[in-house]
Amino acid sequence: MIEQANQQIEKDVRDILKQVGDDPERAGVLETPQRVAKMYGEVLAYQGETIFKDYKLFETEETDDDQMVMMQDIPFYSMCEHHMLPFFGQVSVAYLPANGQIIGLSKIPRLVDFVSKRLSVQENLTRDIGQILNQILKPYGVAVQVTARHMCVEMRGIKKANSQTHTTFYSGNFKTDRQLRSEFLQLLK
């Protein structure tokens, strides 16, 4: 099935090259259709997948509801579902462990990859990371901040280079406790 999809993408890329006035047999673009098909397989690796399974929970001593676990500046690359252009940036995630459950730290960047390697918008990417962590951990709260640059803003349309978009997700104590939310945001500076 993947091979068939790649062949279709390659055909479509050759057609696009023709439609924009290029020659798909020209030396510089001769292998472009294969490269584009391979690129989509990589950057959209989790397209259509809905269940994140690549994690392990660890038992730890019961913690207070204000003990924050935070991972900051996790890089990501994604594709805008509106224009199929890249958006990229950093994700910071914090959670308040409950019931003696913590997640392996390497699993948080894997979750970011799982959510970002599909067509999306930043608002949904932010929400999905937070909701999945809530489902897995059932913590006292989750906070997610995503800062990203969007090529659909920078290279087309309004063409505003280096502009950044910030989105946040809060649940549990992060949503109800303004001081805790402030502490999370202060740690991001």
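Going from the start of the chain as shown, residues are counted 1 onward.
Just so you know, glycine gets a Cβ as well, placed from its N, Cα and C.
These features come from Swiss-Prot:
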BINDING   CYS80, HIS83, CYS152  Zn(2+) binding site
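Distribution of Swiss-Prot features across the structure.
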{"residue": "CYS80", "record": "Zn(2+) binding site", "CB count, 10 Å": "18"}
{"residue": "HIS83", "record": "Zn(2+) binding site", "CB count, 10 Å": "15"}
{"residue": "CYS152", "record": "Zn(2+) binding site", "CB count, 10 Å": "17"}
Around the recorded Zn(2+) site, report the further residues of that chain (criterion: Cβ within 8 Å of the mean position of the Cβ atoms of CYS80, HIS83, CYS152; site residues excluded), sequence-ordered. MET79, GLU81, HIS82, MET84, LEU85, PHE87, HIS150, MET151, VAL153, ARG156
Going by DSSP, give the three-state secondary structure for CYS152 (Zn(2+) binding site). helix
Assigned conformation of HIS83 (Zn(2+) binding site) - DSSP reduced to three states: coil
